[in-house]
């Protein structure tokens, strides 16, 4: 695109999931189905937990916001990605790229912290059931979710501004299917040490804090469950958090796989595949994870569909 080394970039080219021309149409239909299932599943969770009186509890309040976040995260990525499968030029403008990065960061950081909030909710429900209503009041739930969104938005603004504060000239081909921090900074023609430091500190701090809350919560949950004498009581207590444990394991497992790879085997192509999973596949799977093992959700969904 550029004619010289000092030509400022006004648009970027996304390589996409694959550069193989023969795969563009098949991949379009694969990801169209994934996005369709994501929209359907998450909208169903949002609708059911909003209109059904059985779901007016803290657990379902947080689940509704997880569905909103999953839907938002997928919608920031998927429509542009699907368009590029069919377009001859996979371009995105400078400001469109910045907006997409900001949107992605808002939802991914919000998901990281909301999963920690949901783990704390399960900890209070199982370890302190008599205090659950008081501790997880409507005001507290609203405050926790509000702080999650406020922090994620602040993080997105700071990180996006740092990433786009550096100069981009000549090279404008992003080896990714959306605008992300690492492939973007790899294109910069100026010193990227400061934004790289900000990205590293932000990502590591967010992950470590969230994982610490999740691990501490489930450590205490497991201890409490083991103290329950009846096997039926243990089974019932464990069933209330298995869905969340599954979602947490899948989500953090993907992120840790990406961040804990040795540098000599780390590649942007590997990041790309991991990104497909946590931006598109996990938002599709979460509604299934939370509904397949939940009798109330399945019953409410059947009732909703038959009415």
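Positions of Cβ are set from backbone N, Cα and C atoms, glycine also.
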TrEMBL annotation (transmembrane segment) - matching range among 4-26, 27-49: 27-49
Ranked first among 101-120, 238-261, 273-292 for CB pairs under 8 angstroms with the transmembrane segment (27-49): 273-292
Sequence-remote partners of the transmembrane segment (61-81) [C-beta within less than 8 Å, at least six residues beyond its ends]: 14, 16-17, 31, 34-35, 38-39, 41-43, 45-46, 49-50, 55, 92, 100, 103-104, 106-108, 110-111, 114-115, 117-118, 121, 141, 145, 148, 177-178, 247, 279-280, 282-284, 286-287, 290
Across the domain 'G-protein coupled receptors family 1 profile' (41-290), average pLDDT on the 0 to 100 scale: 87
For the transmembrane segment (238-261), distant same-chain residues with Cβ under 8 A (at least six beyond the ends): 59, 66, 111, 115, 118-119, 122, 125-126, 203-204, 207, 211, 214, 218, 221, 225, 270-271, 274-275, 277-278, 282, 285-286, 289-290, 293-294
